[in-house]
Amino acid sequence: MGNIFGHLFRITTFGESHGGGVGVVIDGCPPRIEISETEIQLELDRRRPGQSKITTPRQESDTCEIISGVFEGKTLGTSIAILVRNKDARSQDYDEMALKYRPSHADATYDAKYGIRNWKGGGRSSARETIGRVAAGAIAKKILQQVAGVEIVAYVKRIKDLEAIINPETVTLEEVESNIVRCPDQDAAQKMIDLIDQTRREKDSIGGVVECVMRNVPKGLGEPVFDKLEADLAKGMMSLPATKGFEIGSGFAGTLLTGSEHNDEFYTDEAGNIRTVTNLSGGIQGGISNGENIIIRVAFKPTATIGKEQQTVTQTGEETTLAAKGRHDPCVLPRAVPMVEAMAALVLCDHLLRHHGQCKTV
């Protein structure tokens, strides 16, 4: 049904934007992992609405409740259920959208597939579905850090045509969180903030690119052929709302190079470890992690729901116009950063457990 992600570390998200709440059930989490609602809340606060002038003004605290699977601050090894209740839905803002399709949104395709849709807030197509992913990602991050020292940092690389200069090898979470757009390049960040604010006033939206670096990833994660590590990362990222592209390492720019230019030559470091001189592979070769930093980029389109009037049709095919009401992000990128980190953590945690189960080397 498309609501389940992962093999051994498996999540099932549930809930709708204007329903009673949203959440996640996590299966396969190892026992005795220390976790608290406070730790999960820190991640949820990074993606919650209403956090700044460049995000949706919907006011939700997104307070998480651990319903099961954790006892006295430690995971039990049983299913973990986490719930976040919706508190600030305004369904009346969507009355017009009950009949009219939003251009480039899921309204028309949900109707085409199911013959029915929840037009209040978009139902399952709303980005509030990602709350469950971010909550589960907080636990996955904890496992990765404890077992292997893995660190995951995502940040806004580009907004429209404004591109930041960022070193993925050294960037820190503190630098990312130092401004409301989550871009560690301070000069570029202010220009991005001004552009998003201007776009919001014009009742329009813009997109961009989130880059993510995964450090200290053990060698050997990933399965041959269909479950290659980059394939699962791509699936995870492309399952996020508004995503339109995925790159790893050199990405499409690598097509402009020759093999001798693109190949990451090997050497042995002072500790006797096999390393690569360059990292155009992005930390993965043959679908398996090679121990170098994994670097990916995810493209997000402009938010589909905008206040600017556009041509559309009704459910019965009558041509009309729509200037959408409601509270929506003029740019999803600042809030997409923790979503990208969460999906990266979920993929890596799942592959870490799978690798340990088969090879016993982590």
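Quick reminder: no glycine exception, Cβ is built from N, Cα and C everywhere.
Per Swiss-Prot, the candidate among R85, R158, R327 that belongs to the FMN site alongside R124, S125, S126, G286, K301, P302, T303, A304, T305 is R327. Listed binding-site residues: R47, R124, K301. The one with the lowest count of other Cβ atoms within 10 Å of its Cβ is K301. DSSP assigns T305 (FMN binding site) to coil, not to a helix or a strand. S126 (FMN binding site) falls within neither a helix nor a strand when secondary structure is assigned with DSSP, and so counts as coil. Considering only the binding-site residues R124, S126, K301, T305, R47 (NADP(+) binding site) has S126 as its nearest partner by CA-CA distance.
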